[in-house]
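Enquirer: Sending over a structure as structure tokens; questions will come in a sec.
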Amino acid sequence: MTEDAVKVAVRIRPLIKSENERGCQTCLDVVPGEPQIVVCNTAKAFTFNYVFSPNVTQEEFYNTAVKNMVENIFQGYNVTILAYGQTGSGKTHSMGTNYIEEEDMGIIPRSVNDIFDIISSKEDWSFKVTVSFMELYQEQLYDLLTDKQRNQSIVEIRDDGKNIKIAGLVAKEVKTATEALNCLTQGSLGRATGATAMNAQSSRSHAIYTLCVYQHKKNDLNTATTAKFHLVDLAGSERSKKTQATGERFKEGVNINRGLLALGNVISQLGEGGPAAYVGYRDSKLTRLLQDSLGGNSITLMIACVSPADYNLDETLSTLRYADRACKIKNKPVVNQDPQIAEINRLNKLVQELKLALVDNEIKVSCPLEHQELHTKNQCLQKKIRDLTEKLNSNLVEAVVMYERAELAEQAREKIQTDMIKILEESKKLLDDFDKDPNKHNEHRSRLEALYLKILDIQNDQKKTSEELIKISSDNANTFTINSEDDPEQMCMDEVCSPDSLDDFHEKQEEHTLLQAKRNDEVQNINKELAIKESLIHQLLKSSSLTIDYSKEIQEMEQEIKTLQIEKEELLQALQNVQANNAKSKLAENRRKKVQELEKKITELRRKISEQDRIVKTKEKQDQQIRNLSNEMHVLKQTRIKLIRQMRNESDRFTKWKESKEKELNRLKNQNRKQMNEVTRLKLWHSKQETVFKRKMEEAFAVNKRLKEALDLQKRVRKEKMNTNTDKIQNWLTQEIEISVSTIDAEYSLEKLMQDRASLACMLEKFQNDDDVNGTKIAELTEFLDLRNTQITDLQQKIVESDQESRAHTRWQKVHTMEGAKIALELLFKHVTESRRKQCVKEYEYNELQGKYELLQARLNEYRVKEKERRMSKQLALNDTHNIKEYESEDNSKLKEKLEFYKQKCEELEHTLPRKIQNKENVKPKAIKDVQVEDIHSETDDSTIEDDVEKDPDWTRTPLYNRIRSLLDTTKSSSLDRNSLKRTSDGDAKCNCKTSCATRICRCRKNKIICGSNCKCVEDQCQNRDKKNLNRTLFMDQSKEDEKAEDDEFLKKPRLVE
């Protein structure tokens, strides 16, 4: 039971709609006829107890993996079924926590129905079934069957010695499967669920549905057992990047992953380790609840639900690895007796042990002589036991011979009996043929000769059987002779061999004898069963012969009924003729009476026929019983032959083993004699050895000198080896770092490729639904999609081959010494500092590029403002003189050239900046906010906000502000007199503002001069008539229409990609 206590079943769900829309491919294959899964395009293969392909129905899945486990509940064992896997992999569907239709019923409703079916079939047992349902949501345990509010239904876990108890958990007693399933439905309605990007009805909690079955025989309370059936629907592991969970959903996902991580660690610890390995059950409430199911007192089935999509390959591989480790877990299930009865049995056993200890203590203290006598008596008894064992062994060997003889005799008897039946049938047939046609002498003679030959064959078979029996008897006699001759050797062996070897010999002999005796009992039981079945067959055959006679009588009665029926019809016809002729005579009356008598006789015969038909039908049942008994007898005979052969083979092996031990005994005798001679020789040699002791001392000094030289050489070799190990460790560690970094790059590329594939799949679906799209485009998209699939498969294969998870567990096992650890630590420190130095250089370069980018962006915004000002003043310029128009056109051309120049610079920076960011090694730059330089519009006066930078105490000039200011001053100085101001015919500057001149749209404010009498602005509204207001800066919000026009006309700021 311990070996099969933990089983693992893997169920692969079909591809869902969202995965098909992404263009996902299947990454798992099931080996036909084997419970094995192979990861496509890799050498990864996993073998489990059960593997189910996507097309398996709920009923097939339950009947194969779960149905047989339900019977263990009624034997007193705890049973646990838990579903594990990522979110959206089909755990809730498999468990059936929220089933609706009958055909979609999962494990829970089907197992509940089976449990109550078994209860209804056991009428001599009394049962009590209770149901509890709880969920673990954000590390809080909620009772789903209580009538309290949600916040008042929290229950706590308590330790009760070896087990755990749930304080305050509601356990409802149920009588039928409908009541139990109603509790399931009631609890499922209160369970926490939510929608994510991967699952529209994602379970946000771990649910545990428990049935407790208490049973005992109605007339025997000592047979009481209690079994718990736990059905666990775990919430799926999830990644926030895929589920796109935020807020409360994200918090739920964090708690789910924390509990599943603790569960995975427990599975790994149980799968890896030895008896003293620590298992972290207390790391999470989930592992505490499943403590008995994993490594405890339970028969457990773990259902690993996986997705076949290559998009989820990482999660699928992780689930399969945990399931593979779960296969190595060893549970120790025991029958759960009633606690009171178990305590009574334990106390009775303790009383007996204490009595024995007390008796033993009294003997040791007060009766040493008696103890010695008991020891002597024990030895005598052991000797007698050995003698009896030897005799029993001899008798068993003789019994084996007798069984073989009886088996041969029985086979011969059955064959002779069969042949004799055939001969009798042929003789009877020959006699019948002779009575029919006595003139065919030659034919009858040839048939008689054939019968004679068959009788001779029977006699020959009988002779062969006799010879085989004689041969078996002679072999047995030889065996006994050898054993009897070896008895004196046994005495010698007792003298020469050690006590341990004698104990082993006697133990082996007793074990062999007990095994042979057990098989002998089995053969005798089979013989008794055969005798019983043979007597039953004889009785049935007798009744069958009577039934055959009944069938003959039925035929005779049916023939008589036909005759009487014909006679009746004739009489009726005659009676009708008489009635037609109106002849009332005595003859007609006699015929009428005769017809009535015939009808009574026919009715009586039909009744007898129906009764005998019933007897004939019973014959068919008896024939079926005879066939069944014959088959059972055949099976028993085969078993008996097998046991006899086993006994014979075991006896032969034991005889050979005994002979080998006797040969070893002779070898030990010779060895003992040689050792005695060797001792004598050594004594002589020792006397000679003393004479050369001084010479040996001199040689020892020479050896000591050579040893010092060898030690020096060893130190040098060790030092050279240390240098070699340093190079090896450095090369290995560098390779590991490169592999890890390459794996991270591959995972990033894989994610991008999957995003591209999803967009291509959506585009392909749109094109396929659009009739106006050319087929060439669809073919090209299909080709691109296949190319992406090939690239994704290749990357996934490389990532799987890198196997970073296994490497992380075993990576540092190659470093065995402290020197190696120091070397690895120094190399890692060098790599970290070098990476940090490169990061700083890249950050510095990035900051420089960012500053240049912001400067150019400010210039670009400035030129956008100037371009707008130029547009606004274009109409006013038409009223000026021809010379001013030519001057402005010349100035505009220069501005356009500068604008094109700065646009080109911005484009170059846009291409350069992303490449610089992508080349950074393992550094994610901080998010850089766009520098917003607001465009100024002359039409939106109401949206301006005044901001006096001189009066703001918190306002300071940043380096960026200073660079932009200096840039504006340099660009402004060259065109201030020509482009910025409108002049009157007298040469005075003026503005044409229709607003309050509060922003830099006003040409006067822009050039740091106050508005004069020549300006066309409204004097009452103008805010630029006072010199104090020159330093004020106002900002305006841009409308969406202006932003759109501006984006169409000018360059956009490049977006930074992290």
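Yeah, the Cβs are placed from backbone N, Cα and C, and that goes for glycine too.
Curation does not apply to TrEMBL; its annotations are automatic.
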Enquirer: Which of these ranges is annotated region 'Disordered' in TrEMBL: 240-260, 471-491, 786-806, 1038-1058?
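Expert: Based on what TrEMBL states, region 'Disordered' spans 1038-1058.
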Enquirer: Between the candidate ranges 56-103, 344-391, 680-727, 968-1015, where does TrEMBL place the coiled coil annotation?
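Expert: In TrEMBL, residues 344-391 carry the label coiled coil.
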Enquirer: Please list, in sequence order, the residues in the chain of S89 (ATP binding site) that are at least six apart in sequence and whose C-beta is under 8 Å away from its C-beta.
Expert: R13, G236, C305, V306, S307, T319
Enquirer: State which of the following binding-site residues has the fewest other Cβ atoms within 10 Å around its Cβ: Q86, T92.
Expert: Q86
Enquirer: How many other Cβ atoms sit within 10 Å of the Cβ of G88 (ATP binding site)?
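Expert: There are 27 such Cβ atoms around G88 (ATP binding site).
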Enquirer: Could you tell me the mean pLDDT the prediction assigns to the coiled coil (547-678)?
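Expert: In the predicted model, the coiled coil (547-678) has a mean pLDDT of 73.
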Enquirer: Provide the three-state secondary structure of T87 (ATP binding site) computed with DSSP.
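Expert: Its secondary structure by DSSP: coil.
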Enquirer: For the binding-site residues G85, G90, which Cβ has the most other Cβ atoms within 10 Å, all shown protein chains included?
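Expert: Most Cβ neighbours within 10 Å: G85.
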